[in-house]
Amino acid sequence: MNSTSTVRQPGGPRQQRRHTPKANLSDLYQRAFKEAWVKLNPKIMVKNPVMFMVWVGTLITGMLTLNPNLFGVTGTSAMFNGLVTVILLFTVLFANFAEAVAEGRGKAQADALRSTQTQTYAQRILADGSLEMVSSTHLRKGDRIVVSVGDIIPADGEVLEGVASVDESAITGESAPVLKEPGSDVASSVTGGTRIISDELIIRVTADPGKGFIDRMIDLVEGAERSKTPNEIALTVLLAVLTLVFLIVVATLPPPANYIDSPVSITLLIALLVALIPTTIGGLLSAIGIAGMDRVAQFNVVATSGRAVEACGDINTLVLDKTGTITLGNRLAETFLPVNGHSLKEVAAIALAASIFDTTPEGKSIVRLAEKMGATLDFDRQQAEGVEFSARTRMSGTDLPDGSEVRKGAVDAIRGFVRSRGGKSPTGLDEAYGKVSHLGGTPLAVCRNDEIYGVIYLKDIIKPGIQERFNQLRRMGVRTVMLTGDNRITASVIAKEAGVDDFIAEATPEDKIQVIQQEQAAGKLVAMTGDGTNDAPALAQANVGLAMNSGTQAAKEAANMVDLDSDPTKLIDLVTIGKQLLITRGALTTFSLANDIAKYFAIIPAMFAGIGIGALNIMDLKSPQSAVLSALIYNALIIPALIPLALRGVKFRPLSADQLLQRNILVYGLGGIIVPFVAIKLIDLGISLL
């Protein structure tokens, strides 16, 4: 159907914002409980070698419950076998429940993202300029559409015309509207599912239905199978080897036990095996990995894989853009500094002419400052032509109708431009350049043809608290490198004030890749942020690439993490989360292995009670049966008891690796020995009262 364009003006009925729904804990636990039973499928259980052995043991003791003499006379009753079976079954279920809860939280995030997607109608612009109302499912990449106040943007796209405020709270959770306009990579990118709350935009669709940003995020979050990280695989292999070794040890016990006339029942052998193998970390390992991705999601960051989250914890070098990460964002024109005898008004007029086609926030601030000083254009803008900034020339400007060329840019670039036209560097330029640089600002020179008129002072403000965050990273052994297009003096001042370890001035996009490659060649893992198309190669090269949701499609596709809030500083938080993931896994592994000591002292004396090794019963457990049941009950209950810690993570402290290791051994090693001794004794006392 064809129609004419009708533009709804601001001031109409206020649209109610949708908020990302939170997962209902009751529903989450109910689904996790059901999923725990589903995961008893042997095809699923075999993926976790530790819990698979417990599962097999459950089947065997279950058969012995039905027929205690199935494998010959064992000396254990059906009642005892049944109790062991129930305890082992719950051990497996608790491990499955931990994984299901972690997975459920990820699925809740996918549901929240999916809730932002609604089938809407869009006004598609046809070749003759007329409008056609179509369903959002019929839009294709390259289509041009019109969206007005109150409309939900039907697909990912790029703003071609117009300026409007967009409510992105459905995706980012941030209530403040975001200004969208053509020009810069960041401001011109829009995401399907967000809402126009003022004015009108003409957008070019950049993704087919089902292939937009939100669709990709949903696919990543609820992928059919979470791929394990290298460290997780290594730990799984270690646990599998330990399980095999202990299985061989247990399997070789019956002959010597029979020889000393102290036969051991199959049920007791299974109990010993379960006590020997590291069931605690085996039951929580998957949950820890999934929870790491979930903690990242709670920061409104979507990771493409657990590998990316884990890599954050191993990062040695952070490569950070100055603007937006270390400083508050867009530099703003503060004042003009005339040189070569020119007046302030003359500099303002040339700066206005050089910036009139510049749609960046910096360019607009120069225009505002010049107009505030009374500057006006002395040419017809329609007959002039804008010259865009490029990383190669490091300047931009305007070609005037009379053939004159006005330019603004890096001081050395403008010097070269003027000299190429027969001019020379004027007196006072170096002084103005140095003055701005020593203030930590960015100096831009402005010229007309072969004459430099003055310097523009662009002011940068360091983000509050950023120095302390860099100090924390330094204590963790992470090196920070600031990249900036500023000159060396300005870069040095800002680097010193911010507290970064190193900086690269007058950097180009190629420099980012070189820095990353140099660090990686030295065996370092590198993380960086980016939002523009020119950042995409470096984001792909980095071990951790964090793209901004407000950035270009190319940047988001190259990165392995996307920040829905578009906050570059969040990369520092991700390093902390990654280290917390590794520390949590290490702490619970230490605790699990230390637990085994108490379980040995409970079960081994019970197995060989007839040969007089009562001295090993240091916990004074009441009976062999009570000792076995107490150890197995503790073994089962410790898994759900540690689920909150596995999901939340061990509290992170910015310490060195040696300090973290010492603390890990003291808290989780010593604690892993003491806690089970106390708990098993208390359980034994409880059983004796029954």
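Quick reminder: no glycine exception, Cβ is built from N, Cα and C everywhere.
Look at Swiss-Prot and you will find 1-23 tagged as region 'Disordered'. The transmembrane segment annotation in Swiss-Prot covers 44-64, 78-98, 233-253, 268-288, 601-621, 627-647, 665-685. Residues or ranges marked as active site, 4-aspartylphosphate intermediate in Swiss-Prot (evidence: sequence analysis): ASP321. The feature ATP binding site is assigned by Swiss-Prot to ASP358, GLU362, PHE389, SER390, ALA391, ARG392, THR393, ARG394, MET395, SER396, LYS408, with sequence analysis given as support. Residues annotated as Mg(2+) binding site in Swiss-Prot: ASP531, ASP535.
Where Swiss-Prot records a feature, it is marked here on the structure.
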{"residue": "ASP321", "record": "active site, 4-aspartylphosphate intermediate", "contacts (Cβ under 8 Å, 6+ apart)": "MET482, LEU483, THR484, THR529, GLY530, PRO568"}
{"residue": "ASP358", "record": "ATP binding site", "contacts (Cβ under 8 Å, 6+ apart)": "LYS364, ILE366, VAL367, GLY386, PHE389, SER396"}
{"residue": "THR393", "record": "ATP binding site", "contacts (Cβ under 8 Å, 6+ apart)": "GLY409, ALA413"}
{"residue": "MET395", "record": "ATP binding site", "contacts (Cβ under 8 Å, 6+ apart)": "PHE389, ARG407, LYS408, GLY409, ALA410, ALA413, ILE414, PHE417"}
{"residue": "ASP535", "record": "Mg(2+) binding site", "contacts (Cβ under 8 Å, 6+ apart)": "PRO509, LYS512, ALA547, GLY551, ALA555, ALA558"}
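Counted as Cβ pairs under 8 Å, contacts with the transmembrane segment (627-647) are highest for 78-98 among 44-64, 78-98, 233-253, 268-288. Remote same-chain partners of the transmembrane segment (44-64), defined as residues 6 or more beyond its termini with a Cβ less than 8 Å from a stretch Cβ, comprise 38, 70-71, 74, 76, 78, 81, 84-85, 88-89, 91-92, 95-96, 236, 239-240, 243, 247, 266-267, 270, 273-274, 277-279, 281-283, 285-286. Under DSSP, ASP535 (Mg(2+) binding site) is assigned to a helix (H, G or I) in the three-state scheme. Within 10 Å of the C-beta of ASP531 (Mg(2+) binding site) we count 27 further C-beta atoms, all protein chains included. LYS408 (ATP binding site) counts 27 other C-beta atoms within 10 Å of its own C-beta, drawing on all protein chains shown.
THR393 (ATP binding site) falls within neither a helix nor a strand when secondary structure is assigned with DSSP, and so counts as coil.
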